[in-house]
Structure formats: structure tokens, C-alpha cells
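Please read the structure below before turning to the comments.
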Amino acid sequence: MTTVLDKPAARPRSIGSRVGVRPRAVVVGAAAALGAFVISVFSLGTGDFEIAPADVVTTLFGEGNPAHEFIIGELRLPRLITALLVGAALAAGGAVFQSLVRNPLGSPDMLGVTNGASTAALTVVILGGTSTQLSVAAVAGGLVATLLIQLIAGRALHGFRFILVGIGLAAILTGISGYLLTRGVQMENARALLWLTGSLDGRDWGQAVPMIVVLGVTLPFLLLACGPGLRMLEMGDDAASALGVPVPLLRNASLLAAALLVSFAAASAGPVNFVALIAPHLAKRLTRAPGPNLLPSIFVGALLLTGADFIAQHLLEDRALPVGVVTGLVGGAYLVWLLTTERRAGRI
Amino acid sequence: MPPRAGRRSSVRLLGLVLALGVLVAVVVLSIGFGARFLSPGEVWAGLWDPASPSYRIVHDMRLPRTLLGLMVGMALGLAGAIMQALTRNPLADPGLLGINAGASAAVATAAVFFGVGTFFGYVWFALAGAAIVTAMVYAVGGGRSATPARLALAGAALNATLLSYVSAVLLADTQAIDRMKFWTAGSLASADFATVERLLPFFAAGLLTGLLVARPLNALSLGDDAARALGARPAVIRAAVIVAVTLLCGSATAACGPIVFVGLLIPHMVRPFTGPDLRWLLPYTAILAPVLLLGADVLGRILGSPGELQVGTVTAVLGGPLFLYLVRAAR
């Protein structure tokens, strides 16, 4: 699928255009990455034991004192890395979904993938399972939901039918989740709701390592093998296949990769709302480039989630909020704004 | 062709009577089913004869629940039908578009932040929430460029936002989670006569407005200019529809939580028979929507026994596949 990068014939002067690199996109990606790094340094430094930003940086490069090394390496870094990777994974998954269904609202949280993960995880919580079982169930649930949507929407995968099937499935799963919640007793429900909101509390290397593995496998695949094809696919199936893109294969492969990313993200931090919706959209607005904008989206996603988590930790004096509350509130506001502007522009 | 038209409307009238018969049967079933099964004869006796052994069961437990189901079903079905007519969008459903979720979000706010715990407290919040989302959905979906899929997606996004807000709010208060969990799933189980009585004025006002707009909405379906030529006032009609949807969905959600698909499916299933004429479509919907809701409730009681499945879950699980079928069947 890597085959059909646009031939230099289109824009022969710049080598960058062959692989779709645009200066603006590079700037946006770099700025987002820098922002994520700055927030990371601050969130590694704050807590019950404050560490100065300079000390954080030296510790990160392995030259700090043992106390700092323990606090950062053992306590704070796993959570931060989980946040960065979950943000990146959600953003990448969202970018692929939005590109495939050709709609800025077509993110996996709207289309039932996240609901699949949460319904499966909820079942485990209600049955009193361990957190490993919960993670496995979440991944399986997300993948099964994606397969179901794909299966029901049929082979002729039109964007709108995929969207409607996804919405229908999401509604069914919401109903089932409601039932599951009524089955649990109070403590289980509190755990279940906390999980459903999305939280990074108490995340350790056990959550971070699977994310590293999944991102390590799927991201290169998406970026190198699917990215250029997805950009062509946005021009329409016919145009893309005329340009030599193997449309069904590309769709299925990128959909599977995106579903994997989103499901693993849900397994690590719960179904954190809206990052998958907002990050790609924001990236696209900033870069003004066509296509899924995978790389800028990833950095924007990491920035968003770490930023939201930082806010969630420090918003209230007396206690920390789950990160999903912040992304939910910010996301809701963004959504209202998105709906009005897109409406005005006639795209909705 | 007057004779043919005459025959068609007499067939439709017959169909309406049949539908009413089905509704009565479902009502009898809904009163009869439960921990102790009552035969239709016992149901009849229990309804009217205070000396009958089934009188207490019927009046204390089953009747309020059935009446509530009847009202909520009618409300959601009618709201869906007039939303579909107003937005000219076959997928408009108060559940899918987030109107019920808007009411839920407001109710959760009321329960957690203001300590409100009764239907009468909830209903004002629910109405406010439903009104805001209805207006938003209309603003987004009323445009000519709004395709069904886009509107549904906008609604789904609103829905997701609002439901995540509900769980975030409930998270602040573990006792509220426990108190609200049946309501969040969509349930008729907590029905009593007090709730039914308090729901009644809102429901009646919404029902009346909804039925009254049938004729002008028919005119509006020809476009604003044609409607004006026919003597209708588009702005007034739209406002009336939004008021009716708000009253119907807000009060229904306050009483039993967010329920999806009822408002979508019944008008869809009825339309092949009645055609787009709302003067037929609305009465049919008003009679058959409670059949679906009460049927789902009875099914939930059977499947979930000794406990029960919440009616919101059953409508989602029953209605969802039907929705998927409609999506697949549509070209």
C-alpha cells in the first residue's frame, strides 16, 4: 500500500511534497510536541513533593539525585507516559476514523467503538474481575464493536452508512451499559463510573508498556503504509482507486489499526471522551492540510490529554478530578462551537 | 379519485381501531404480568372491584406503571414524529438527537448539586434541558444542507457529551449513583400515582400541541412559501413544535430517564401504511408507540425475572437492530 505516493510529476520542485510534508504541518507538530514536553515537565515536578523544572529535566536525562529519580521514575513518569501515549493513540485513531467517514464528527467515541470497550469493561467490573481482565475485555470489546459495524455496514462502505450503523450500535451499547450499572452495588458502580469517565489515577508501567508496544506497531504502519492512501481516499473511492489505491484493503487495514489504538487507549485510561474527536480536528484546522494529518494529530492529542490531566489535578484545591471530566467539559464546549461554525459553513 | 380516497381512509380508520385493540391487549398484559400473574378476568376485577383480591396489586403497583408507560410511550413517539416532520429528516429521534440526554443532564445536575429528589423537582430542570437541546438540534438540523446522517452524527455527539456529563456529575456523589442508576438506564419501576398525576398536565399540554400542529406541519412540508400561501405561519408552527417536543420529551425523561428509538421506529413502521399525512401518522404513532414501550417493559419483566430489565435497555436492544435494519435497507 505504500506504492502510490503521489508521483513527483505533481510538484516536482520540492522533495517534501512527495511524502506530504508541509512546513506548516511541521511547525504545528513541533509546537504541539514542545507544548506537551513543557506540560510534562511541570506535571512531573508538581505533587506532594515539588521538584523544580530544571531538576526535572536533569533527572529525565539521568543525572538527578536518587530521591528525584525515585519520585519521577517510579511514581510520576508511568502516569505521564500513559497520558502522552493514550492521547497520541486516541488522536491517531480519531484521525483515521474521521478521514475514513469523511466527517469531522465521525470519531470512534461517537461510532460505538469506545462504547464497545466500555460495555465489555463494565461487564468485568460488575462481575468483580481484576484490572488485567478489565483491560483485556476493553480491548476485545472495542475490536468486536468495530468488526460489527464493519460487518453490518456491509462491503460497500459508504461513509454515511458506517456512521449510522455506528450510532445505532452506540445507542444499543449505551442501553446495555445502563442495565449493567443497575446490577452493581454502590462501590462497584463508583469504580465503574470512574472507569467510564476516564482517569489516569494510579497508572503504572503495567498500563504504559502495552501502550508503547501497540503504538510502536500501529503508528509506523498507519503513517507509512496508510497515510498517503488515506489522503487520496478523501477525494472519493473512485478517484482513489483510479490513482491505484487498493481501496477496500486500505480501509480495512487502517480501520483495524485505528480500532486497536482506540481500544488499547480505552483499556489503559478508560474511554476518555473527545480527545479522538478534537485532536485531529484541531490539527487539521491548524495545519490547513488535506488528509488525516496523522503526525500533527498525534502530538496535539498528547498535548491535549496531558494538559487536561494537569488541569484535572490542579483545578480543585482539595481533590483531583478524573481527566475525563476535564476533556468532557472542554470537549462539550468545543463541540457546540464546532456545530455552530460547521453549520454556518454548510458542512453539517 | 374521490371514491378510492374514501376507501383508503376507511381502511386507515379500521387500522386505527385495530391498533387500539392491540394497545388494549398490551395494557392488559402489562397490568397482568409481574411477580403474581393476573388473568385478564382478574385484571378487570382488580380494576373496578375493591373487594377483589387483585385490587391492591393492580392499583398500587401495576396500574401506575402501565399508565406511566402509556404516557411516556405516546410522548416519545409523538415527539419523534413531529421532529421528523419539522426537520424533514427521517432519523430525527428525541433519544438519538440528544434531547432526552439533555433532560437527563439537567436532572442529574438537579439531583447532585441542588439535592432535588422528586419528579416535581426534576421536571422543571428536565424541561429546561430538553428545550436547550431541542433548540440546538433544530438550529443545526433545520438547514437545507442537513442530511440525515449529518444530523444524526451531530445528535450522537451531543448525546455522548451529555451522557459523559451525567456520569461525571454522578461521580461526585456515590449515593446519587445508587439513587439514580435505574433512572439513568430508563425505567418505569419507580412509578406511582403521584408521578403519574404530576406528569399528566405537562404530557397533556404537549400531546395537545403536538396533535394540533399536524395540519399546519403538513402545509409546512410543502415549503415555507407554499405554507404561507395556504394561510399557515411557519415561524409560529416551528415554535409550537419545539414547545411540544420540549414538553413531551422533558416530562417523559424526568419521569423515567432517557429512552431511545421509540420516537424513531414507530413513525417509520407506520409511515408505509399512512403515508406522510400527519393527520393519520400522528394518531397511529400515538397509539402504537406505547405498544412498543409497554411491550418492552413487559418483556423486560419476563426476561429479567426475578428482577427486571429496565425498559430503556430493552428498547435499545430491541430497537437498535431494527434501526440497523432500516439503515441497511435504505439506499
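Glycine is no exception: its Cβ is also placed from the backbone N, Cα and C atoms.
Curation does not apply to TrEMBL; its annotations are automatic.
The transmembrane segment annotation in TrEMBL covers B:12-38 (among others). Long-range contacts of the transmembrane segment (B:12-38) within its own chain (CB-CB distance under 8 A, at least 6 residues past either end) are made by residues 46-47, 54, 57-58, 61-63, 65-66, 69-70, 273-274, 280, 283-284, 287-288, 290-291, 294-295, 297-298, 301-302, 306.
Taken from TrEMBL, the feature transmembrane segment applies to B:63-83 (among others).
Residues annotated as transmembrane segment in TrEMBL: B:95-116 (among others). Non-local neighbours of the transmembrane segment (B:95-116) in the same chain are 76, 79, 83, 122, 125-130, 132-134, 137, 141, 151-152, 154-156, 158-159, 161-163, 165-166, 169-170, 172-173, 176, 179-180, 183-184, 245, 249-250, 252-254, 257-264; each lies 6+ residues outside the stretch with a CB under 8 Å from one of its CB atoms.
Positions annotated as transmembrane segment by TrEMBL: B:122-140 (among others). Only residues 6 or more beyond the boundaries of the transmembrane segment (B:122-140), in the same chain, are considered here, and those with a CB under 8 A from a CB of the stretch are 86-87, 92, 94, 97-107, 109-111, 116, 146, 151, 154-155, 158, 162, 198-199, 202, 238, 242, 245-247, 249-251, 253-255.
Among the features that TrEMBL reports, transmembrane segment is placed at B:152-172 (among others).
According to TrEMBL, the feature transmembrane segment maps to B:239-266 (among others).
Annotation comment: TrEMBL describes B:278-299 (among others) as transmembrane segment. Sequence-distant contacts of the transmembrane segment (B:278-299) (same chain, at least 6 residues past either end, Cβ-Cβ under 8 Å): 12, 15-16, 19-20, 22-23, 26-27, 29-30, 33, 65-66, 69-74, 76-78, 80-82, 85, 188, 207, 210-211, 213-215, 217-218, 259, 262-263, 265-267, 269-271, 309, 311, 314-315, 318-319.
Beyond the transmembrane segment (B:311-330), the same-chain residues lying 6 or more positions past its ends with a Cβ under 8 Å from any Cβ of the stretch are 69, 185-188, 256-262, 264-265, 268, 292-293, 296-297, 299-300, 303. The transmembrane segment annotation in TrEMBL covers B:311-330 (among others).
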Positions whose Cβ lies under 8 angstroms from the transmembrane segment (B:239-266), at least six residues beyond its ends: 68, 71-73, 75-83, 85-86, 91-96, 99-101, 103-104, 107, 119, 122-123, 125-131, 134-135, 138, 163, 182-188, 190-191, 195, 199, 202-203, 205-207, 209-210, 212-213, 216-217, 285, 288-289, 292-293, 310-312, 315-316, 318-320, 322-323, 326
Long-range neighbours of the transmembrane segment (B:152-172), counting only residues six or more past its ends (CB under 8 A): 91, 96-98, 101-102, 104-105, 108-109, 112-113, 133, 136-137, 140-141, 180, 184, 258
